[in-house]
Amino acid sequence: MSDTDKTAPTEEKPQEETKETKETKPVEAEEPKPENGKDNQEEAGNGAVSVEVEEKLKTKIVEQLEYYFGDVNLPRDTFMKGEMAKNDGWIEVTTMLKFNRLKSLLDGVFEEKQHVAAILDCLQSSDLIEVDPAGKKLRRSLEFPAPESRAEDKTVYLKNFPKTETTLDELLEHFKSNYEGVQGVIMRNFNRKTFEKGEIVFKREFKGSIFVVFKTKEQAESLLSQESVKYKGVELLKMMQKEYSAQKLAKFQARAEARKKKSEKVDDDDGPAEGENALPELPANIFVKILGIPEGLSREDIKSSWADFFSNNKEEYQIAFIDFNRGEKDAVLRLDRENAATEAIELISKSENPGKIGIGTGNAEKQLCEVKQLEGKEEEDHRAQVSKQQQMRLTQRKRNANRGRGRGRGHKRQRRY
């Protein structure tokens with residue numbers, strides 16, 4: 001996965017280990033905080049503080065730790081693998097406490113000096129994670145060899161989640177309660193470049209898509225085989241991660257090839273030189289046709305109605321151009337992303353009114369109109385028409401730019417008699 005992802009429960013990397021952290025010695029226990037709900041504690045044989053953890057919290061802590069050492073995270077977590085490689089698979093408990101999500105489970109319930117003891121108490125119930133005799137290090141049990149791959153054949157890609165106010169905890173609860181064998185959820189994020197007070201700032205934002213990892217291939221295929229998969233009432237696009245990765249690779253290779261052609265600048269007797277005036281090839285699967293447009297509507301009405309339907313992910317289905325004049329019955333929409341038309345039609349086909357969306361103006365009642373993807377000869381003809389129009393506009397712009405050239409200083413215009 002090349003995109004910046006947020007793993008389930010998390011993939012936050014700890015900060016650098018300081019000398020002070022390495023040399024921290026076990027301390028004697030103080031009276032536990034009331035939040036812990038326990039009235040006593042004993043000193044462990046290894047000198048560490050011993051505490052008891054409430055069962056509900058213990059479950060969360062064990063799940064979090066087993067996630068770090070589990071099949072979902074470990075193959076892709078370079079930090080964890082690097083730390084484990086230093087000491088035959090062992091990793092310091094104090095290092096694990098630098099993971100923000102784990103630390104947040106302990107903060108407010110235990111004092112910082114009790115965190116290690118709380119983890120040791122929790123891990124008594126774990127089969128996946130071993131604790132060394134000194135109670136200072138953890139490792140994945142040798143009975144469960146770490147997987148070498150990212151298990152793409154057990155991972156499903158899902159898209160069309162709300163990009164704001166979607167949390168990892170909500171996603172985990174939803175998929176674990178509705179589908180058998182869910183091991184983890186990976187939220188796909190990216191860093192958006194913005195400016196604040198004159199400085200460049202990168203903000204981490206959710207892409208609206210996730211990976212759900214299952215224990216078995218059959219469990220992943222079971223979700224994929226369902227006719228409809230929804231989240232908070234919104235239909236989701238779904239495919240295996242392998243299929244998604246193949247599409248991403250094909251798209252990357254196509255872009256690389258386009259850049260290569262553009263840089264070659266090969267002259268063509270029948271047209272402009274490539275790289276100077278040639279237009280890039282239009283992406284595949286971008287044309288959608290809406291039939292039966294109500295009389296009197298404008299392009300803006302169509303654009304607004306389309307955006308209303310895809311309100312959760314407007315950016316994913318943006319319109320680049322609408323081929324429509326007022327009074328016409330049909331409109332052809334050119335979307336600005338490869339395969340956007342195919343995905344849009346799939347979502348529309350599973351909506352409350354399959355194959356149709358409401359088209360209208362303002363707050364007035366919208367009329368349901370049939371929507372289809374342009375395919376075959378109809379798609380080829382429209383693609384050729386758009387390419388021709390774009391090339392004509394480009395040629396005209398070049399002519400306009402060339403007007404007036406060649407009259408620099410010292411060149412007088414000749415009079416014609």
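Here the Cβ of each residue, glycine as well, is placed from N, Cα and C on the backbone.
The compositional bias 'Basic and acidic residues' annotation in TrEMBL covers 1-41 (among others).
If you look up TrEMBL, you'll see 1-51 (among others) marked as region 'Disordered'.
The domain 'HTH La-type RNA-binding' annotation in TrEMBL covers 51-148. Secondary structure of the domain 'HTH La-type RNA-binding' (51-148), assigned with DSSP and counted as helix (H, G, I), strand (E, B) and coil, comes to 50 helix, 11 strand, 37 coil.
Per TrEMBL, domain 'RRM' is recorded for 154-247.
TrEMBL lists 375-384 (among others) with the feature compositional bias 'Basic and acidic residues'. Secondary structure of the compositional bias 'Basic and acidic residues' (375-384) per DSSP, as helix, strand and coil residue counts: 9 helix, 0 strand, 1 coil.
As annotated by TrEMBL, region 'Disordered' applies to 375-417 (among others).
Under the heading compositional bias 'Basic residues', TrEMBL lists 395-417.
Helix, strand and coil content of the domain 'RRM' (154-247), in residues and according to DSSP, is 28 helix, 44 strand, 22 coil.
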